[in-house]
């Protein structure tokens, strides 16, 4: 493609399309038909497909014409032209271009069979169609039409408007049809799917107009699809819709799996809970005196009585009657009521398990977790608390697992799509550069010749070599990305090959992608201009070195960092002056070494425009432009790169950070950088460089090149030249010398880091001031706040004006932050002037945006804003699609259900008024759709089903749910996660340059240190001591600091004359003018000392110590710290040498028994207190030492640990008994008291033993020991308090609640949990960081909430009737208070408990909104609010909904998903540190995990022998056939179907039919069981599934006869049959199409160990919190979410409540009663059986309890689930993409068993051909296969047998080809084999199949020759008979005894001795390396 485009197309490309052109096309078509040879066979290979011509992607219809074609010649706009794309040379097409150069392609056949391309009418139609105004008109029409669709009651004249719209659409379609043709050829009207939409819309419009089709509103909804037309008009949207459709396709497997799982769970639910939810408390006994007898005429009507609502018990304040159950742990009825089935199900009868369909809906609701707490509570109340287990299963498997799988799939689809577009962009850029080169070449050649003579010609081969060598392009992110799938990778590789082939013609043998990556940005660094290093190098080395900063250190010269340009390393020999090679000696030059690791070459700088406040002043900043031009460069640099001033990127601690070779610099002079006044410019290389390296200008660069560079710059400027002129005149103020002087002074002040610090402090204070607003406020306080606001506004305004003076408006507004500041300041000033205008108080909220200024100096906030910015950019199109979807569904809902809501409103509301959630008008309809997208669909759907019928509502809501929620929101998440990658995270942290804030902090520290020193010195001087000694350390400190950073490894530093020598032997001196490097001999070699990192020395100017980061200094004393900083040094992706840790650092492990106890005290203690020093050789000391050793042995003993664990579990269990009934159970209470003491003593003893054994140092430096210590201390204190009788003290009571932490001690003992906790602790810093950022983010919304709603949530309420007063009766607080005076008990002026009266309360309210729990009440209160202290009015302030919508999108959506992003990202980083191991698993679990992953992990098993008995044998054959299995599976499925048919209300007849069908199934399964037992004999019980089947059959038979008894005491036996569905898993292997589902299940299996650990941790957290809840909230008043079953009174109830909140469901209900204060509760309420008084909660404790639990469980644990599933899913997908999967190996072994019935693991050679043919694809070698098998050269052992692994390996090799992977696979298989067969003697192979064949052939040849010889001798006749014998004999002998000395052929077998095998492997490796080297050299 590129090759084709390289020739500049020029104006002759534009040829008008004439009849001759058409004739030419026809001629070409005829020619190509003649040329085409007939196909040899039907098979086509992928390569052929690839080599076929494809349409050029740049010249697709709808794209802009590439600029290389230049401008369209006059008169050819909107005129048919010949096609540009060679692909269409043999197709009848032509193209037309409009003014915007957009390309339209048409079919050249006659449209509608009449209008040829040259017809006038058709040409006019084409002109209209391609005109931009035409599409604008259509777009406006669609938008206007959409507006009209939103009218719920359209006016009469709207009918005419409708006709107008239809007319316009018809005209549009006619134009398209005339221009394009209707449907016959390509590019006609109906060939574009988007036109189908138009066509159907128009047809529906006409049909509905002329034919009466009944329900018009349903058909009117069709018009809504017009909104979709916007997608076809806006280009970006089509791609997003493409991505959506792709992800839906990918979701098919997950959908199937989800439906299957839900069906299984629904069946279980059906069996368990059928009819239970109708249990109600009915008045009992019946009172017959009432009117039921109806005047004695009619008898008592039981049906009517049972269904009469007035007879049910309803809890006051609730709408639904109370449910109950008849089991002991279900809900009980109050006195006078009996529990029985009556009335309908809850929620209009829609929540039930009575039929399969309702059960399925209930389960779907559980999976999406919508209002599931309600279902959970109802079911537990009706069936019993034990059924919590069912919900745990469904939530963890269904909800967490399946929903996250959907996320994983969408994320993968998105990632792949992204990858493809990225590659395309890169390809485009490479082509663009190549074209530019071509265009410039002509102008250049003359000068090039002249230059070449003067500078020494550069030979062509050098250029070629350089093209090769410089090609270290960084790995594309697809290679790095885990989520890109196999097929995509293969496609990409093919594309790459093709691309390279095509481009090599245009380039001088250098891969253009590499050239692009490595050449300078303008593409104009001509090769002819490259000169040898020394020519330019000398000139610039001085300057460069002074500017070379230490990568990764804060020394980066800050003043110029922002204007640095994307400079690129030149590939190959001709490097930039001052680059690393300047210092490399000739032998070890960087490039020569870099051969082996291509990806470690230098790559372009990241275009991160983090400029400091100097940037504006330092000249026109160009960073932004470069990033615009080459967006892809941004991504090219991964996070561990650091940038020096030259723009050379070195990858610290990543690939290629250690450049090969000793880096020995020449002696070069350093120029000290003097600290310039900020006004003067510090000139750096970066500034000298404009686009190309302009340093060339100084030496050689010719004027021509210069002009070219400028030309390119010109072409890439945003604005017209006149704008720059204007800017220069008016926006850059340099009018007068005095003015300039003033500017410099102001600049000095404003740019000072201290001013930045002051401003930051002001921002924080201002935020605090705004956060202090509350309701009610005193006037004085309000006044203080107002004054504060004025002061801050003044400060910020002053800052802005001063900056404007210092920087000039032009430069001021170059920087994003300044624009932001200006915007906020203007708003603040505007707000001051409009302060008194009513309704503009919202403007105050804009002040809050100042908080974002903190981002300047807070990297995480900065990152968050960037991420949101990036995503919003990328999400723009997605958001539009989402908006269109929401709009369409809102209109559909309004059109379909609007009327029904109005007409049937009484069904859903007793007052017959429209409820808050309805679809009668567009706004409310929109709100419902938005609510569904938030995941709350079930409640609104019930309403809809009640008023508008079930079918339609279900369809519409399910569509919104699936399309909107699952797909779009998941795409959002995927986008967020992808923009949230390590790059963004690390880039902000170590961006190399420090912000002003850090500098000012360092200055302050420096000042404090200086003051201290002076004081110290002063004191010293007065005490007559030598001053000099004391001052010296400061210099030393400075030098150490500098060196520590320079060395970057924090090694020890010694003073060495003038030089400092670090632990690695490199030295760097500071302050000396000429530098030398002293390098020890043993450090010389890079190999000996892989730690050697050489940094270029730096001159230390005055300013540099400001940049010193104090943390870096600490690394001297902390080698660990420095290791962390070099975070993943060992990841040697690119480097040839891994960095080994220093030897000393690795402690030699000794066997644990012999370790002596550590020292008791720290060295400091021992020095200060001599008594701590003990001689352990004699006397008391010796006894003490013996005691310690004894204690050590005890503590280290396994039994001791087990005993302690047992005690911990017992003591934790004991806590669970301390519920509200403990005082009634005297014995238990006494036992617990004694047990508590015992436990305390045991734990104290344990602690004393550990102190003695380990010593204080070891004990108190271990975090887990601290935990133990604190918990024991709490127990001890409460024990002492009890003994002293202080147990009732408040403080002691609260201490006792801390005993709930006891189970935490189990953490350190259970490895599974400890692993997870360690991983979590590792993540805490980043989680905290994000939590803080979220809090800041929410602060803005909270303050805004306070501004909008403070004091407006109060209302006047009648406590007795529980009714709010209407606004007509009570208007405000004063009126309510008057009423209260008259009737003080009943009426109250109340506040909503969750409100916005202050920022703290606002946070709580926002948390409820963000978790969508309790958010309705908050929103209703907001929407009804009027003014502070006024009675609310229904929907008076309806647009306040929008505040919540915005908060949900930004506050909830972005920030909560950010948590997921951070956690996933963090664990991925931790995994990298642990070498890719899973950090959530213990060692044992890792083994299991690896076993799951390893291929070929099976070994041949001994099959069940076939019985000798004839009949048994026949049955055996029948039972072991696959068909038999499949039939049984089908029977199981049929049985399931019959179970689905069951309903709760079925008739007697139906019941009988089902009974008999069930009986038939039981007989079938019994027969299967009997047959199998008969055939398999005792082997039947060796298979797990058979045992399970046997148990199920027995239970079913027993169940048939004893059904009633079993049902009563156990679960129904039918339930076990549901479990048999698991057997379906066995069929999946047989279905080829089920590969995707197998992958998903495989992913689940792989996730299990890690998920189990997290589950364990979650259980522990729940346990601790439930104990805590019991001790704090046991006596809380029953209301809202707390009642007789769901409460904190007992341990079981607490666990039930906490499990519910794990998904954050219903936590608002549980919190509300705890927030009660009198008079809502009573402090004196008695509790019978307990001494406790009162039923009030403790609000602060309650809020802390719930919020912390939600953050821990919901955000952390649940998100860890997501992280693990995403991870394992990507691994599983990679594995399933392999050509050979686990299943292929399994089938191999299954077939093997038939050929090797005794499981000898060998097969005879003669059977090999049959075996190979019997295998399944891909391992199968179909017959005739003899020759192929012989060629495989398989080793054989005596007896002509071949080992299974050798065969498997050879066949695998045949599938995978010979590759490195194969060696790994082979090794794995051999390991497994040796591990599973330790007893096997190593069989020595004696020959191979190939050798055998060679022997046979040679034997035949020899025999023939010998025969001929004998014949010639005349012996032949006599010896015929004996010859035959001999022949047989020799043959047999040969078989039996091949001489051992025979040199064996070259084969490699499992059965070979180990040593020889290793040697061979080593040789093979050397051979391969040699080959690769040869290949590389041949390329050069």
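Backbone N, Cα and C define each Cβ position, glycine as well.
Going by Swiss-Prot, these are the annotated features:
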type	residues	note
REGION	1-20	region 'Disordered'
REGION	28-62	region 'Disordered'
CARBOHYD	215	N-linked glycosylation site
TOPO_DOM	274-355	topological domain 'Extracellular'
CARBOHYD	289	N-linked glycosylation site
CARBOHYD	295	N-linked glycosylation site
CARBOHYD	308	N-linked glycosylation site
CARBOHYD	326	N-linked glycosylation site
TOPO_DOM	381-387	topological domain 'Extracellular'
REGION	446-530	region 'Disordered'
COMPBIAS	474-486	compositional bias 'Low complexity'
COMPBIAS	489-500	compositional bias 'Basic residues'
MOD_RES	518	phosphoserine
MOD_RES	520	phosphoserine
REGION	568-602	region 'Disordered'
REPEAT	735-1007	repeat 'II'
TOPO_DOM	773-783	topological domain 'Extracellular'
TOPO_DOM	893-921	topological domain 'Extracellular'
BINDING	936, 939	Na(+) 1 binding site
TOPO_DOM	943-955	topological domain 'Extracellular'
REGION	1107-1148	region 'Disordered'
TOPO_DOM	1218-1230	topological domain 'Extracellular'
TOPO_DOM	1283-1290	topological domain 'Extracellular'
TOPO_DOM	1347-1399	topological domain 'Extracellular'
CARBOHYD	1358	N-linked glycosylation site
CARBOHYD	1372	N-linked glycosylation site
CARBOHYD	1383	N-linked glycosylation site
TOPO_DOM	1422-1438	topological domain 'Extracellular'
MOD_RES	1497	phosphoserine
REPEAT	1504-1801	repeat 'IV'
TOPO_DOM	1602-1614	topological domain 'Extracellular'
TOPO_DOM	1669-1690	topological domain 'Extracellular'
TOPO_DOM	1714-1742	topological domain 'Extracellular'
REGION	1922-1980	region 'Disordered'
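Overlay of Swiss-Prot annotations on the structure.
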residue : record                      : contacts (Cβ under 8 Å, 6+ apart)
308     : N-linked glycosylation site : none
326     : N-linked glycosylation site : 279, 339
936     : Na(+) 1 binding site        : 370, 371, 1412
939     : Na(+) 1 binding site        : 371, 917
1358    : N-linked glycosylation site : 1364, 1365, 1386, 1387
1372    : N-linked glycosylation site : 1429, 1430, 1431
1383    : N-linked glycosylation site : none
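Across the range of the topological domain 'Extracellular' (1347-1399), the DSSP-based residue counts are 14 helix, 11 strand, 28 coil.
The secondary structure of residue 936 (Na(+) 1 binding site), as reduced to three states from DSSP, is coil rather than helix or strand. Here the topological domain 'Extracellular' (381-387) has, by DSSP, the following mix of helix, strand and coil residues: 6 helix, 0 strand, 1 coil. When secondary structure is read from DSSP and collapsed to three states, residue 326 (N-linked glycosylation site) falls in the coil class. Here the topological domain 'Extracellular' (1218-1230) has long-range neighbours at 1667, 1670-1671, 1674-1675, 1689-1691, 1727, 1729-1732, meaning same-chain residues at least 6 beyond its ends whose C-beta is under 8 angstroms from one of its own. Predicted-model confidence for the topological domain 'Extracellular' (893-921) is 90, expressed as mean pLDDT. Long-range contacts of the topological domain 'Extracellular' (1422-1438) within its own chain (CB-CB distance under 8 A, at least 6 residues past either end) are made by residues 775, 916, 923, 1348-1356, 1364-1365, 1367, 1370-1373, 1375-1376, 1444. Classification of residue 308 (N-linked glycosylation site) by DSSP places it in coil, neither helical nor stranded. For the topological domain 'Extracellular' (381-387), the list of distant contacts is 272-273, 276-277, 279, 322-325, 327-331, 1685, 1692, 1696: same-chain residues at least six beyond its ends, Cβ to Cβ under 8 Å.
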